[in-house]
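A.B. asks: This is the structure I want to talk about, given as structure tokens.
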Amino acid sequence: MNRWSWWLAGVAGALGFAFLYLALIWSPPEQQMGDLVRIMYFHVASAWTALCAFFVTFVAALGLLLRGGERWDVVSACSAEIGLVYTTITLVTGSLWARPIWNTWWTWDPRLTTTLILWFLYAGYLLLRATLTGFERRAKISAAYAIIAFIDVPIIHMSVTWWRSIHPSVVDDSGFHMPPSMAGTLMFGFLSFFLLYLLLLWLRARGAWQKLEILRLGQAVRGLRLREERGR
Amino acid sequence: MTGWRAFLHLLWRDVRIEARRPQFFAASASFGVLLVFVTGIALDAAEHLPAEWVSGVLWLDIFYAATVGVHRHDFKDQEWGGGEGVLLAPVDRSMIFYARWVSVSLFIAASGLVMAAAWFLLLNPPPPAQPGLFAFALGAGALGLGGVATFVAALTAHTRLRDVLTPLLLFPLAIPLFIGVVRLTAYALEPTLGHPRVWVADVLGYIAAMLVVPWLVYEWVMEG
Amino acid sequence: MQHLGFLWAVSAVVWGGTLIYVFTLLRRQNQLQAELERLKGAVADWEGVRSGGDASGSR
């Protein structure tokens, strides 16, 4: 890690602690949910961060196809992985929130359903990458998939919403209007999560770059050995 | 060769190959009927399933049968040595995609018809009150499924886990289509459920998206 | 003030999950870095051996 990333890590850590304080202590409890409303800050912030991460994956995939270059591919893949981590956090915290509030671990609420589909979409993306052979091919094919998957997300959300709203719905999640203190906490949480995301993206991309470097060096070593054998 | 003629040529070639060797169709259709039969057992031979459930069962079986069969179209190309030749042909790559799409859709529609017949016999759904809507659901479902399956099969062509990955990628991508055709089929069976227009729009929108987006990226996929 | 256990569980999942992810990333990168150093060393050795005119190629 270089000096910049330590600074970034320090700021992200400080913001994280401030966010914990704001979310758990400073912000007011809600009328009906009481203190459980505090789950919302973590849940919603991670959901937004995940969406941002997938958007970055989409943009990087476009960049790869239009401009070319390994960097786009690395960013696309790393962002998808972090997005998947945040989607997992969103799903788990959502479930932990739904249990005390709605008395169930899972409901077929449109947003929940879309999030789970999102999880599968990007888990599929990472598996696709992991099993594709050949560098160039892996970059191009996974970029094509990333573009289709991201464009599909709003269609999925729309269809799931229609599906559930036409049906009688057990849970009414029309939402509640937030006082400024809650909205502020939420925005602060989102910012601190987003900063963390940037840090993770940097870390993860560095690892991916190291891996590429190792592969190149390995090839160089093999080439040298071959030359040596021929020279003999 | 113009794009349109290339499309017809490729499509005709696919259909002819399929007709010359009908074993694959026989195997797929039998597997589809078997799926319907096994679903009947899983549901404890229920006599009267609600329209929503029974249409969900039909489409689950059709989707599953289609994902199991979709790779076969590539093997066929390899067997006949035609795959490489198609790539060398001086036509827009997307024409290859559209021709493959239509031929796969025809195939899915044909085996879907056989499966629907078995479904009527074995699971005993009410006869469709709106046969036109039912036929539309079958046709549009086959077309949309053919499109997404063709695209996903091209993506997974060079992966090591192809058999598992294809359905894993296909089902999440196809959720809007799946919900749409299940709802449409349910309404065709029981019009009191209402709101078919939303689902017609949903299914047509999905097919339109499948028409445009793969066209944009298919060239890269084929190069890869 | 009911079910506060869920709130703690959520906090633990969020921060625990993030920390675990960061540590796996760091650990993986340290391994990669070590591997990278090893390979670089190997290449340097190799070139050193060649330029030194030693053709025994003991590596």
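Using N, Cα and C of the backbone, Cβ positions are placed for all residues, glycine too.
Found this in TrEMBL, in case it helps:
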type	residues	note
TRANSMEM	B:24-43	transmembrane segment
TRANSMEM	B:49-70	transmembrane segment
TRANSMEM	B:101-122	transmembrane segment
TRANSMEM	B:134-156	transmembrane segment
TRANSMEM	B:168-186	transmembrane segment
TRANSMEM	B:198-218	transmembrane segment
A.B. asks: Which range out of B:49-70, B:134-156, B:168-186, B:198-218 gives the transmembrane segment (B:24-43) the most CB pairs under 8 Å?
C.D. replies: B:49-70
A.B. asks: For the transmembrane segment (B:49-70), what are the same-chain contacts with Cβ under 8 Å, counting residues 6+ beyond its ends?
C.D. replies: 24, 28, 31-32, 35-36, 39, 43, 104, 107-108, 111-112, 115-116, 119, 123-126, 141, 145-146, 149-150, 152-153, 166-167, 170-171, 174, 178, 181-183, 185-186, 189-190, 193
A.B. asks: Who are the long-range neighbours of the transmembrane segment (B:198-218) in its own chain, taking Cβ under 8 Å and residues 6 or more past its ends?
C.D. replies: 93-94, 96-98, 136-137, 140-141, 143-144, 147-148, 150-151, 154, 176-177, 179-181, 183-184, 187
